[in-house]
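Database features (Swiss-Prot):
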type	residues	note
COMPBIAS	1-20	compositional bias 'Low complexity'
REGION	1-34	region 'Disordered'
BINDING	63-69, 91-93, ARG356, 382-384, 465-467	GTP binding site
ACT_SITE	ASP64	active site, proton acceptor
BINDING	ASP64, GLY91	Mg(2+) binding site
BINDING	ASP64, GLU65, GLY66, LYS67, ASN89, ALA90, GLY91, HIS92, THR181, ARG195, GLN275, THR290, ARG354	IMP binding site
ACT_SITE	HIS92	active site, proton donor
BINDING	THR350, THR351, THR352, GLY353, ARG354, PRO355, ARG356	substrate binding site
Amino acid sequence: AAAAAGRGRSFSPAAPAPSSVRLPGRQAPAPAAASALAVEADPAADRVSSLSQVSGVLGSQWGDEGKGKLVDVLAPRFDIVARCQGGANAGHTIYNSEGKKFALHLVPSGILHEGTLCVVGNGAVIHVPGFFGEIDGLQSNGVSCDGRILVSDRAHLLFDLHQTVDGLREAELANSFIGTTKRGIGPCYSSKVTRNGLRVCDLRHMDTFGDKLDVLFEDAAARFEGFKYSKGMLKEEVERYKRFAERLEPFIADTVHVLNESIRQKKKILVEGGQATMLDIDFGTYPFVTSSSPSAGGICTGLGIAPRVIGDLIGVVKAYTTRVGSGPFPTELLGEEGDVLRKAGMEFGTTTGRPRRCGWLDIVALKYCCDINGFSSLNLTKLDVLSGLPEIKLGVSYNQMDGEKLQSFPGDLDTLEQVQVNYEVLPGWDSDISSVRSYSELPQAARRYVERIEELAGVPVHYIGVGPGRDALIYK
């Protein structure tokens, strides 16, 4: 086998439902059978219709895997699409039937489908101006949002001051940048944990809103010398949020009740995860992580639904690996090789525009994510980006510096930074596969690559992305 790029070694592969209750702010949804008519001729109908009543789409790398596209494709089969965590730091790029591009951050990707209700759960953090900006952008492009989005009354509010604090905190860390999006996500979750945050339901009590917001301002001013605060700023912000409160009111709902009633009524719910497991506050490469739980556990805590109701979970994984910002990346390709993947895959962040670091698919990290989440299947995305490479590598195991093989993905950052990756080398393929829609029509080398990933991860690949459009998807 050819020598591995970068560090490492290579070797060749050897309960009964109650009476119907209308969802708040939405016309009574058409039964699932009705929506099935539109996709009856779709060869993927059986694969999609077999998904559980409550299913989820979660990232299984460091984000940017292409979750939004799969959610967009699956959404017509579901009554509700729900976000359970994160905020505007999560970027989802989707395309409508005319090929128009939409870059969403907080609004769930199901918004392009008129029969789908979108829910932003209690585990998310809401920057109200940004939320309205997304809605205005959608509506200006002909996408109706009226009565189609519900925001949890328990979700926390993310203020501009959180974004200011985010930048000040990052500057304080000097050479130890976590690489945040500076969208205020971490400071907002910090306010939540220290119990001085404000929630969406506080917008219904403007008589006490100012006093609560004052505590946040004072706290930031006491903590950061660079944070300038005056009572005039507070007054302006309160007046601003009075206007926001009036506009947001039709969107506010007790989403815990809505979702659980919907489950009892046998409605289908698709959970759209933001970020990914390798950025999870508990399971990710801490401290280079996000501030919430983008893994399976975050579904329950971020929506208020029980673990027993969750069925199929689909892990989304790129055919290679990318990462934005700092943090360990064992299979990273530096220099020209990384540039080739970056340019071919147009690897620049949806939210930040930052160039993504690129490398080979890390099977050790993928298996770790599969263990944590219990994925029933995988969606392998951007397989087309690998076309034209003479050979493709899979990082199948890690060795420590002393040569001893690691038995699991290490939690210790120092250990992870020093691992030596063992690679399998597989043959590449020359042909452009972006127009292929049947698994059997893929080049033999591409099929072997997919099947080797299945073997190593122990989870079947049911969906294969071969381009950005919603139709550029192979069902296996």
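Note that the numbers count up from 1, one per residue, in the order the chain is shown.
Glycine too: its Cβ is placed from the backbone N, Cα and C atoms.
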Listed binding-site residues GLY63, GLN275, ARG354, ARG356, VAL466, filtered to Cα within 10 Å of GLY91 (Mg(2+) binding site): GLY63, GLN275
Structural state of LYS69 (GTP binding site), classified by DSSP into three states: helix
Recorded positions near THR93 (GTP binding site), in sequence order, restricted to ASP64, GLN275, GLY353, ARG354, PRO355, ARG356 and a 10 Å Cα cut-off: ASP64
For GLY66 (GTP binding site), the one of ASN89, HIS92, GLY353, ARG354 that lies nearest, given that the recorded positions are compared by Cα: HIS92
LEU383 (GTP binding site) in three-state DSSP notation: helix
Spatial separation of GLN275 (IMP binding site) from GLY353 (substrate binding site) - C-alpha basis, Å: 15
Residue, out of the binding-site residues GLY66, PRO355, whose Cβ gathers the largest set of other Cβ atoms within 10 Å: GLY66
Distant-in-sequence Cβ neighbours of VAL466 (GTP binding site), under 8 Å, six or more positions away: LEU383, ASP384, ILE433, SER434, SER435, VAL436, ALA472, LEU473, ILE474
